[in-house]
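So that you can see what the record holds, here are the features copied from TrEMBL:
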ACT_SITE  65  active site, proton acceptor
BINDING   96  Mg(2+) binding site
DOMAIN    2-202  domain 'DNA/RNA non-specific endonuclease/pyrophosphatase/phosphodiesterase'
DOMAIN    3-204  domain 'ENPP1-3/EXOG-like endonuclease/phosphodiesterase'
C-alpha cells in the first residue's frame, strides 16, 4: 500500500503491518501537534476486517506507531496519516515509550543536523492474539535505518561505508531505555523476518552494509 506519507505491506491474517517504510528529511518536520485520531484504514481491500482503536482497549498494549507521529509534523494531513491502524501494531508500553521512542528522537536529531534517512520497521513473531480484533502481538519489533549524508542522495550514492542502524527489540515491559543495547545487523533482521531488505542496492553493497552492526 502506497500512501503519500509512507509505504507498507499489511497482513490480513495478523491484522498488523508486515513492514512500513518511509523517508525522513527536514521537509517532513514542522510545527503540527500530535493529532491522536486513531482510525481504521478504509483503503484496505473490500472484505478485509478493519482494525479499530477500541480493539486495543484493555489489552495491556499500546497502539504502537511504525511511522512515528513525530516524523510527520509538517501538515495536519501528514500527521493524521500516521494514526491509520494499518500503521499500528500492539507494542508493550515500556518498549514503545522507552528505547523505541528514544531511537525515534535520535533519528530526528540526525535529520535536524542535515542527514536524511530511509527507514523500514515492523514486528516479528507471535506472542499472543488480542481477543478483540484478532490482532497478533509480535514478540519483537525491529527497525532498519539508512543514514544518508544529505537530502537528495539516491541509491547510487549509497556505498559500503554508508551508516546503517538496525535494531531488534523484545516486545515486553521491563526493557532498558538505551536503544543502542538492541543493535544488530541487517542480516540478523532478515533472518528473523525472512524479508530481503535493501534489495534495490547492488549485491556487493548489500553484503557490506548488511553484515555489520552499528557502533557509533
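Residue numbering: from 1, along the chain as shown.
Cβ coordinates come from backbone N, Cα and C, glycine included.
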Give me the Cα-Cα distance between residue 65 (active site, proton acceptor) and the residue listed as 'Mg(2+) binding site', rounded to a whole Å. 8
For residue 96 (Mg(2+) binding site): DSSP state (helix, strand, coil): helix
Does DSSP put residue 65 (active site, proton acceptor) in a helix, in a strand, or in coil? strand
Within 10 A of the CB of the residue listed as 'Mg(2+) binding site', the number of other CB atoms across every chain shown is 23
I'm checking region-level scores; what's the whole-number mean pLDDT for the domain 'ENPP1-3/EXOG-like endonuclease/phosphodiesterase' (3-204)? 97
